[in-house]
């Protein structure tokens, strides 16, 4: 009997590792506490259509990741997004064009992880609470008390604070991961029946509770029935308002949006708030991945590198590479 490899987390990092291991002929089984894959790369279904509440776009600087992105493009899962960009600084809104190539999933961000997952076995709505090792193999315990296993190795591909709670069997790794701080982000979606009279499709914001905003419908193949906008608050504002109600957050960020935009803003016909508790690492690390190869446990995620989508993908590749290297 072939004992599969367990991978906890179906964001970009976990699926990147899963793809690399599957390509090398290994069996994997994925676990995720959510109802679908993607993590911060997921799109939220709503009455206003699919909304990219998390990652807004991504860039490809590393040659290996750029190759993967070109494959996704050829398969029809991603497209370039060329928004009319603005910058808001010192109370002034000004055009801010650049040469950066930006990619988005189509018809939503979750198209990418859905394609990466393919037909790999996965247990959704399954929150793993404990990872423990028997004499030969690993087993996982979920929040319902159900046991999963045996597994030959475990890869934990979650935000650092969630990973550290699963590393009781690997105290050295646990202490490193426990030192990683991640910043929160409040995200708000607003939809308007009458399109806002502005050419702006994306905006980097300074001196405001907002950090970024985007016209969701300006992305390729998005639903354009309503004029949908995604607002991201700064890490600082999000931390200060971590426990605010969704209604309070929507009201405050809607107000900040109205202050900076250079047109009349009607009342939205739809609004939604989502709190990303672990949106991005507070500092940069250059680990690639973390591992205790003798134990057979590996940790990866965007926080092991740049905090970007590319960093998550590269971290998953590195975790898989280390695991395969140890098997040789």
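For all residues, glycine too, the Cβ spot is worked out from N, Cα and C.
Reduced to three states, the DSSP call for residue 56 (FAD binding site) is coil. Residues or ranges marked as FAD binding site by Swiss-Prot: 13, 32, 33, 40, 56, 57, 128, 302, 309.
Of all Cβ atoms in the protein chains displayed, 23 besides its own lie within 10 Å of the Cβ of residue 185 (substrate binding site). What Swiss-Prot lists as substrate binding site is 57, 58, 59, 60, 61, 96, 97, 98, 185, 308, and the listing cites similarity to another entry.
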Would you pick out, from the binding-site residues 56, 59, the residue whose Cβ has the largest number of other Cβ atoms within 10 Å?
56
Using DSSP and three states only, what is residue 13 (FAD binding site)?
helix
Residue from 57, 61, 185 whose C-alpha is spatially nearest that of residue 33 (FAD binding site), among the binding-site residues:
185
Name the residues of the same chain, 6+ apart in sequence, whose Cβ is under 8 Å from the Cβ of residue 97 (substrate binding site)?
84, 85
Compare the C-alpha of residue 185 (substrate binding site) with the C-alpha of each of the binding-site residues 13, 56, 309, and give the closest one.
56
Which one is it, among the binding-site residues 57, 59, 61, that lies nearest to residue 128 (FAD binding site) by Cα separation?
57
Give me the CA-CA distance between residue 57 (substrate binding site) and residue 13 (FAD binding site), in Å, as a whole number.
16
